[in-house]
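Have a look at the structure below before the remarks.
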Amino acid sequence: MTPNSMTENGLPAWDKQKPRPDRGQDWKLVGMSEACLHRKSHVERRGALKNEQTSPHLIQATWTSSIFHLDPDDVNDQSISSAQTFQTEEKKCKGYIPSYLDKDELCVVCGDKATGYHYRCITCEGCKGFFRRTIQKSLHPSYSCKYEGKCIIDKVTRNQCQECRFKKCIYVGMATDLVLDDSKRLAKRKLIEENREKRRREELQKSIGHKPEPTDEEWELIKTVTEAHVATNAQGSHWKQKRKFLPEDIGQAPIVNAPEGGKVDLEAFSHFTKIITPAITRVVDFAKKLPMFCELPCEDQIILLKGCCMEIMSLRAAVRYDPDSETLTLNGEMAVTRGQLKNGGLGVVSDAIFDLGMSLSSFNLDDTEVALLQAVLLMSSDRPGLACVERIEKYQDSFLLAFEHYINYRKHHVTHFWPKLLMKVTDLRMIGACHASRFLHMKVECPTELFPPLFLEVFED
């Protein structure tokens, strides 16, 4: 009997043979039979489709009929377009497969093609999504099996029994604790996107050689340091108009022999000591305007100030070097020559300060760069006797990083500007060390009453 032949009741003969439950028949068994028939017909249809796709005769017949009434040019264009579309769709269907998977690795739940390691198991996208939805929405209590929990789960039957599918997910080892709720999932996705964007920016910067500029947080730090410097820097940018030159006859007649071949002019020395106290006070005020410095213990603050005071005063004098008059302006008010500073008590230290001033004149530093140099000198963690060494080192690193990024922002046209500028920190540290040695000789050779109390307090050990 063919499928199209009819019975007396007008029904197909194959339909008549289909079992129909009586009132007392077990509905559960009938349901199982219908499910099996459904699966069988589904598999048969898939098999037929597969044979249909792979049959060379069918492909040839279909191709011939589709181009029978087309011009040769149309055939070429449409065949190329069809091939390209097929390749594109094929790529979409394949999707992304991680490199750690074997070529044809299967889902441990249903046997479909696996796409990755999901919730501690290698699964397909379908089982991953089913497991995630079940946990997120707490659906598993509502699942029930019609066949006593004995369903076989494969890629054909996986959608027919949720309870058995979920039980198999648990059995193979999928972890419920790894499923995130909506808020955590969104936060994780946001974090992943931010990290991707960050890596993208870093790669872009590397590719085009772009140097990072200050972040918002670093700009706040830079602003604080700059304001502290401007507020404590005597005369500011008007120092040239307000300076007064030390008379030429002062500092030219040495009257006290000092060690190391230097001379001390007591008149010049007395002039310098008059401006030294306000100069030291301004350095202390600069430090106290920095929140990081104020957070340190009092003992560490004193050690840092005593260590950097001469270095910062030398820097402030060096950036006010005037090549026309060949003078340095001390504390924003007194312009002195190299000889006057040397004979006034500093000896060879004056040469180092003048050489630094001549060198820095080509750097064209602004107030912010001078301020950041001072902050780096202040937060030197290698000063003897410090308690919070790691903390101070961290603070200096913050200043250095902000400083470097600010240099990038300024875009100086000096080759290797940043490393050259860092070398000036070394020069200033050397000046501080030389002055400490020179101070001992000055105490021996000069009358004690000429030394201001603050000068002695800062530079005496």
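Glycine too: its Cβ is placed from the backbone N, Cα and C atoms.
Checking Swiss-Prot for region 'Disordered' across the ranges 1-24, 193-216 points to 1-24. Binding site for L-thyroxine per Swiss-Prot: Arg282, His435, plus Asn331 from the candidate set Asn331, Asn408. Swiss-Prot assigns the feature zinc finger to residues 145-169, out of the candidate ranges 145-169, 220-244, 245-269. Record note: among 107-127, 170-190, 338-358, 107-127 is the stretch given as zinc finger by Swiss-Prot. Residue pair Cys145 (Zn(2+) 2 binding site) / His435 (L-thyroxine binding site) shows a Cα separation of 90 Å. Residues Cys145, Cys151, Cys161, Cys164 make up the record's Zn(2+) 2 site, and a Cβ search at 8 Å around their centroid adds Lys146, Tyr147, Gly149, Lys150, Ile153, Gln160, Gln162, Glu163, Arg165, Lys167 from the same chain. Asn331 (3,3',5-triiodo-L-thyronine binding site) and His435 (L-thyroxine binding site) are 17 Å apart (CA-CA, integer value). Comparing Cys127 (Zn(2+) 1 binding site) with Cys164 (Zn(2+) 2 binding site), their Cα atoms are 12 Å apart once rounded.
When every Cα pair among Arg282, Asn331, His435 is compared, the largest distance found for this L-thyroxine site is 19 Å. With DSSP states grouped into helix (H, G, I), strand (E, B) and coil, the DNA-binding region (107-181) comes out at 29 helix, 7 strand, 39 coil.
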